[in-house]
Structures are given as C-alpha cells and as structure tokens.
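A.B. asks: Supplied in structure tokens, the structure appears directly below.
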Amino acid sequence: MKKIIFILLSIISVTANAQISDTVNQYSTNIFAFPDAIPHSKSSIYSFIPPAAFITYGALSFKVKGIRQVDYNVYNDLIKDHPNFNNHIENYLQYAPVVMVYGLNIAGVQGKNSFIDRTILLGMSEGIMGLTVFSLKHATNRLRPDGSDRFSFPSGHTGNAFAAAEFMAQEYSEKSIWYGVAGYSFATATAILRVYNRDHWFSDVIAGAGFGIISTKAAYLIYPLFRNKLFHKNNSVRNSLIMPTYSNGVAGFAFVKQL
C-alpha cells in the first residue's frame, strides 16, 4: 500500500515541475477590470505528456490484465489493512486549490489573470472536465469497488481536484513553485482518499487526474485565442470594464470599453 501512495504522491512532483513560467501582467486592482489582452499559454508541449500518460494508463486498465490486477491488489490490501476506513473529507479537499487562488487574490497576491478572466478560465476547465468525465462514466459502465453503482471510471472528484490544482499552478507558479505543490498536494490527497474509501479503483483516480490536468491546460490554451481577438485592439493597452447592474428588480452586467 505504501508503494501505491508513493506513486500517487509522485504525481505532485511530475506535474508541478512541468509548469513553465509565463510573463506576469499587472492589471488594475479593480476586480471588475477587463484588460484588452491576456498572455497566451507558454506551457511546453512536454507538459501535456504526464496527464496524457495518466489517461492512457487508465484506459489500458480495461484491456491489460496486469494493470487491472493492480486495481485488485490495491483493493485487497485496503480491505486487509483498513477495513473500516470511512473519511470523506475529500468532498471538501477537492475545492481547496480554488479557494486558495481566490483567497490569495483577496489577500493582495495577484495571479496571472484578472478576476473575470480567471473565473472564465476556471469555468471552461470545469466544463471540459465535467463533460469528458461524466460522459465516460456512462460509456464505460465500470462497477465501483463498493458496488454502489457503475460510474466508477474515471474519478470525478479526482478530476475536479487536479483541474483545480492545475488552475492554481497556472495562476501562481510563476511566483513560486510551492503554490503549485500546495495545490497538487490537496489533489493527491483527494485521489488517495477516493481509493481508501473504496469509491474508486486505482486506475480510476489516475485517469481522473489526467483528465483534470489536461482540461485546465486546454482552457488556458484555448481561451486567450478568442478572448484577445474580441478585446484587443491595435496592440495598445486599452481597458474594458464589466460591472454588475441592478434596475427595476433586474440584475445584470454592464460592459464598457475605452475607445
């Protein structure tokens, strides 16, 4: 069992060290400020290899008996060593990196993107991850270790946790790699607890980690492409502003762009 935990913990160093620092743009301290452009992702293509490998490992568990046997071995070890383990703190741990990102921003530690851009990026990441993971849950029809249902593969909790960890790494790793390590520590703890609680097989959480990481990387790669075309003009620094409005009982947003 210690070997399995070591493998999961190694995900922290593999993925956190795969981050490539981007140039930090300083935006207005007004959280509703909407700058004309945001930096394109400069992540190396090699940083996509670890999450792709995790997904491949999970997929192979359906066809390769040796990989599937690892799932059974881990399960049997848990039943033997921790038969009564039941602690679902991972239901909250999966959100810790996101809370930390916004908490750091409130504390005055600025991330790579403005509040609005960051929130849109998070939404895109969660959307990509959710669509992929929950579609596969229905398509693969794998029984959970506890026999509760057939939505075991891949792990949604783990996918969400690693998407959040990569989100934190993208926003703050250029300031210090330890921000990324902190986020990935919470994500790895989530994955370990999903296995310990017999909600998932080992290969489920490995694949979930891959889908989570790659979903956030995809969001940071895609979003600037259309975002900058909509709001960037003549390569000059022009500010836009989005602010909440309320009129006659109707809430909404107003968009203002400096010409």
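Each Cβ is built from the backbone N, Cα and C atoms, and glycine gets one as well.
Small disclaimer: the values here were computed from a predicted structure and weren't measured.
Below are the features listed in TrEMBL for this protein:
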SIGNAL    1-18  signal peptide
DOMAIN    119-220  domain 'Phosphatidic acid phosphatase type 2/haloperoxidase'
TRANSMEM  177-196  transmembrane segment
TRANSMEM  202-223  transmembrane segment
A.B. asks: Determine how many residues of the domain 'Phosphatidic acid phosphatase type 2/haloperoxidase' (119-220) DSSP places in helix, in strand and in coil.
C.D. replies: 78 helix, 0 strand, 24 coil
A.B. asks: Across the domain 'Phosphatidic acid phosphatase type 2/haloperoxidase' (119-220), what does the pLDDT come to on average, as a whole number?
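C.D. replies: Summing pLDDT over the domain 'Phosphatidic acid phosphatase type 2/haloperoxidase' (119-220) and dividing by its length gives 97.
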